[in-house]
Structure formats: structure tokens, C-alpha cells
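The block underneath contains the structure these notes are about, expressed in C-alpha cells.
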Amino acid sequence: MIHIDGSYGEGGGQILRTSVALSAVTGEAVHITDIRSNRPKPGLSAQHVKAIETAALICGATVEGVSIGSTNITFSPQEVRGGYYTIDIGTAGSIALLLQCIMPAAAYSDTDIELNIIGGTDVSWAPSIDYLENVTLKALSKMGYRCEIDTRKRGYYPRGGGVVHATISPSEPEPHDFTEETGDILGISHCSNLPEHVAKRQADSAKDIIGKAGYDCHIITECAEYPSTGSGITLYCGMKGAYVPGKRGLPAEKVGSRAAAELLDELSNRSSVDVHLADQLIPYMGLAKGGSFTVREISSHTTTNIWVTEQFLDVKFKIQKKGNMMEILAI
Ligand SMILES: Nc1ncnc2c1ncn2[C@@H]1O[C@H](COP(=O)(O)OP(=O)(O)OP(=O)(O)O)[C@@H](O)[C@H]1O
């Protein structure tokens, strides 16, 4: 059994998700202690419990200590099984983060895994569903990963109620050397149960800033009446993205301009991936035992994910400076 100190590095939810994911892939049981000790409310929250339970469901794992507030769990997996699973997170807990915990192992199933997930699609401190689809999954497809996402309803904080259908097909991760991709900036600006001009103003202010920086951009707007109320914008270009959720009291123009500034910051150097994608690629590069990318800076999520991945897999990551960027290679 592998022991993981959950307080290592970033000490948040990601150590837990990556540990459970790689335990499910390798079949090695894992005991995780001091879970989320660097967060104001340590231990498992509802969305972490749901992620572990879903991982357990798809690989027939027995678990111990999986309840809200728990700081210690044991996860003992068996074989990953294909099939159709319905998962209700019950809150606006992030569907993208639940998938982060499931996706590595799901690729090792003998048949497709179909998931119908109810929860949050556009919430804070997590990738938006549009980021997952247009940045993360696009990058992973270059490594042979196969997952289709269909967002049927968006879910915003606090009610959630978003519905996403994900189909993951069997595949083996392959090494890929990511290089800078240029092109037009694309985006999706959306709102639910709010006047249509909210989505439009978010998009217009982003377009204005992006245009002044000399890029062409195409941002679609979406206005709907879903069970929850909210707004947000995701912009992307190549393997880089920026997501900003709307917030009561935050003008729609600010939401759009923040997303534009964030993406332009990522595009201002020749790196191949953005700071968030960098941490998300690590477990797949570990499984592929190879590949590389450049990024403008290394986050503590990335160094923490490297550490966790090295605990489970026979792989080493090398970090080196490359001009004004950092390069990460899996060996
Ligand atoms: N705006 C964003 N765009 C893309 N990805 C994001 C964004 N914000 C956060 N992420 C990703 O979401 C993940 C969050 O990991 P983290 O450990 O903070 O998880 P968490 O479970 O939300 O943390 P905790 O619950 O401990 O507060 C990381 O993979 C990070 O790259």
C-alpha cells in the first residue's frame, strides 16, 4: 500500500484526486493522511467525497474513511469497469474536478465509460466545463486520450444542477511534445436567469481588449434559463485558456476584461501550455512515461502533482529553464 501525505506541497484537493486516480490505474491501494490540511476547512468536502465514491464505483474499490470532514482515507481498487454511471454531486461542486479524479483510470477500462454528472459546470477555483472541453481535452487528445463532453445544462454556485454527459473510450496515453500554437482567440460567454446583455457585455469587453492587443477573436454568447443563476466566460487559444466566473456586484465588463487580460498574459510568451493545464497534464505524462511542455511559470499545483505522480509510477520529471519559460519533461 502506498502512503501519501495529503499536506505535501499545495496540500489541497488535487493530491487526493491524483492519488485516487493513479491508485485506480495501477491497482495499488493508497492510504492518504492529513487531507487538505492547508485549506481553511481541512478534510474532505462533499465534492471530494463524491469524486472518491465515483472512482470507487468504476473500479470496484473498497474505501475507508470517506465522509465529509475526514482527513484520512484508504482506497483499495480492483479492475476498472466500463458501463453507464449517473452521478449527482448534489451541490455546485465542480463536474470538471470530479472528472479530473476519474479520467486517468477510465481510459484503462475494457469498454466505454459513460457518465451522466449533475453538479457545477462554471464555478470558482476549478476549470470551467468549456475549459475542460476546449483546452484540457484538446491537449489530452494529442496524447491519444479519447473523451467526448456534452454540456446539457450549466450549473452555477450555489445551486448547481448542471448536467454533463461524458463518454471516455479506452486508450493508452502516448508521449507528446507540446509546442506553441497560435491562431484566433475563441470563447464562450454565458448567463442563466439573467438579462441577455450580461453575456453580451462580458463578450464585448473581452473582444475590445483582445482587439487592442492585435488578435482576432470569436466569442459566442449563450443565454438560458437553467435551474441555477449565474454567468461566466471562457476564452482559449491553442493549449491555453482563461476562465472567469461572474459574481454578484462584479460588473459584466470586469468579468470579460479579466478573462481577456489573463489569456493575453499567457499568450505574451512562447510557452506551449497555460499554468493550469501544466498541472493537469502531469499524471498523463507519467502514464505515457514521456512528453514535454513549456509554461510561463511552475505553480505549486504542478510541483505537487509531479511529486504525487512519482510516488505511483516509474517516471521522473525534469524541470529546467528555457529562455523566459520553464520546461517540464517526463523521463
Ligand atoms: N481558472 C481555472 N482554469 C483552469 N483550471 C483551473 C482554474 N482554477 C483552478 N483550476 C484547476 O483546478 C484544480 C484545483 O486544484 P485544488 O487542489 O485547488 O483543488 P480543490 O479541490 O479545489 O482544492 P481545495 O478543495 O482543497 O480547495 C487544479 O488542477 C487547477 O489547475
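One is the number of the first residue shown, and numbering goes on along the chain from there.
Cβ atoms are placed via backbone N, Cα and C, with glycine included.
TrEMBL has this to say about the protein:
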- HIS301: active site, tele-AMP-histidine intermediate (ACT_SITE)
- GLN100, HIS276, LEU277, ALA278, ASP279, GLN280: ATP binding site (BINDING)
- 8-319: domain 'RNA 3'-terminal phosphate cyclase' (DOMAIN)
- 185-268: domain 'RNA 3'-terminal phosphate cyclase insert' (DOMAIN)
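Here the features listed in TrEMBL are painted onto the structure.
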residue : record                                       : DSSP (3 states)
GLN100  : ATP binding site                             : helix
HIS276  : ATP binding site                             : helix
HIS301  : active site, tele-AMP-histidine intermediate : helix
The answer for which recorded positions (HIS276, LEU277, ASP279, GLN280, HIS301) have a CB under 6 A from ligand 1 is HIS276, ASP279, GLN280, HIS301
CB contacts for LEU277 (ATP binding site) [other CB atoms within 10 A, all chains]: 24
Taking GLN100, HIS276, LEU277, ALA278, ASP279, GLN280 as the record's ATP-binding set, what's the max Cα pairwise distance in Å, rounded to a whole number? 13
For the ATP site built from GLN100, HIS276, LEU277, ALA278, ASP279, GLN280, further residues of that chain with CB within 8 A of the site's CB center: PRO127, THR136, VAL275, LEU281, ILE282, HIS301, THR302, ASN305
For the domain 'RNA 3'-terminal phosphate cyclase insert' (185-268), what are the DSSP-based totals of helix, strand and coil residues? 33 helix, 30 strand, 21 coil
Nearest-integer angstrom distance between the alpha carbons (Cα) of ASP279 (ATP binding site) and HIS301 (active site, tele-AMP-histidine intermediate): 6
Alpha-carbon spacing, ALA278 (ATP binding site) to HIS301 (active site, tele-AMP-histidine intermediate), which is rounded to whole Å: 9
Sorry to bug you, but what's the C-alpha spacing from HIS276 (ATP binding site) to HIS301 (active site, tele-AMP-histidine intermediate), rounded to the closest Å? 8
